[in-house]
Amino acid sequence: MADAMEMMILSILAPQLHCEWRLQSWQVAFLTSVVFFGMMASSSLWGNISDQYGRKTGLKISVLWTLYYGVLSAFAPVYSWILVLRGLVGFGIGGVPQSVTLYAEFLPMKSRAKCILLIEVFWAIGTVFEVLLAVLVMPTLGWRWLLILSAVPLMIFAIMCFWLPESARYDVLSGNREKAIATLKRIATENGVPMPLGKLIVSRQEDRGKIRDLFTPQFRWTTILLWFIWFTNAFSYYGLVLLTTELFQAGDVCSVSKGTKGKESQCSLECKYLTVTDYTDLLWTTLSEFPGVLVTLWIIDRLGRKKTMALSFFVFSFCSLLLFLCIGRVALTVFLFIARAFISGGFQAAYVYTPEVYPTATRALGLGTCSGMARVGALVTPFVAQVLLESSTYLTLTVYSGCCIFAAVASCFLPIETKGRGLQEFSHREWGQEMIGRGAHISTQVARSHSGSQE
């Protein structure tokens, strides 16, 4: 939720500073790009920290970093200061996806997809909350107070981190057997159930958080394909957000391609303050992500992770091609709504799949590098959705549609389908199995794990 609020604030802050500080268009665009650059630069670093020193440690540091610079940016006196401070905020946000790593390592196999998808609902809630907060704060207190109040969820999380447990899977891998058992006992006590039978064994220690482990023969192809999938997800998602404003202002694609917007946007110093109508449009576009979550939730355990991602990319590509038609505003809104719902659903499916496919030793780094590639996509997309759009609308739509077709194919070619599989613990083993029962089931599962069963 805090992550979404810090990202959503960019679309509210940019036009305000454009008017208040008389910024040129490239300066406004750079204010957005510097946040994504910070996220891109730090994603792998936070993943490495989480694999080396613990999921909770990496997450706490990134949250405190984001909170500090988020509040500090409210006191920026000039453009150069806010540029640097928002870049540092982006650097901290790069560690937020590690919350998914920590969360996934606590979830049982049968509930993992559903729970990770439901936590993504809070992204949509965060964007809606930020818009509502802006409606209340901007007309009276201004953008500085909006920045301060937007950091409140981070402050709440920082306080509640004292309650947050470390991943028991990570503790086992790092040799802290007693700490892992204490966490498991706490879970059993809070759920009112007895501890499972059996003995917790710490296997041999492995190097953790090494980038080369992502390119071992077992994971090389998976890593390359996932990087492209995450890049395309962010490239298409943020591209659609930017395109939506342009298309709504023009009425349809044909109007944009004919240049009917005229010369009114040529002056780089021309500015418009956001109105209540603008905030309402932002709300409506954001609401499309709720059905996206529900559709993905319904199909991900039926079709599997790979097919869900492929379907999301294909539907987005198809809706992009339908925009070639000279359609009215209502049809335009429907196609944009469906496209955004599915591309956000594909993003959520990638968040489910990525922690499942990597072993515990490299899980946080794997997710971090994928998140970093997503930020590269977010950095590139303004040059397509805004710069290329001025030259050719149809070429712009073709780029997004074609990229998603390739991503759909990449999703189908992923070597491993993680539906119904336990989280892998060690990179030197094949797929691990989760303990799904007690008593009579334990001996069976021990036998299977020793025989290397892939069931």
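Placed from the backbone N, Cα and C atoms, the Cβ positions cover glycine too.
In TrEMBL, annotation is done automatically, which means it is predicted and not curated.
Quick look at what TrEMBL annotates:
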DOMAIN    1-419  domain 'Major facilitator superfamily (MFS) profile'
TRANSMEM  29-49  transmembrane segment
TRANSMEM  61-82  transmembrane segment
TRANSMEM  88-104  transmembrane segment
TRANSMEM  116-137  transmembrane segment
TRANSMEM  143-164  transmembrane segment
TRANSMEM  219-240  transmembrane segment
TRANSMEM  282-300  transmembrane segment
TRANSMEM  312-338  transmembrane segment
TRANSMEM  397-416  transmembrane segment
Most Cβ pairs under 8 Å with the transmembrane segment (29-49), selected from 61-82, 88-104, 116-137, 312-338, 397-416:
88-104
Mind looking up the mean pLDDT for the domain 'Major facilitator superfamily (MFS) profile' (1-419) in the predicted model?
81
So if I exclude everything within five residues of the ends of the transmembrane segment (143-164), which remaining residues of that chain have a CB under 8 angstroms from its CBs? That is, six or more out.
1-2, 5-6, 9, 12-13, 16-17, 20, 56, 59-60, 63-64, 66-67, 70-71, 73-75, 102, 126, 130, 133-134, 137
Using a Cβ-Cβ cut-off of under 8 Å, list the residues of the same chain that are 6+ residues beyond the ends of the transmembrane segment (282-300) and lie near it.
8, 11, 113-114, 117-118, 120-121, 123-124, 127-128, 131-132, 241, 244, 308, 311-312, 336-338, 340-346, 348-349, 352, 419
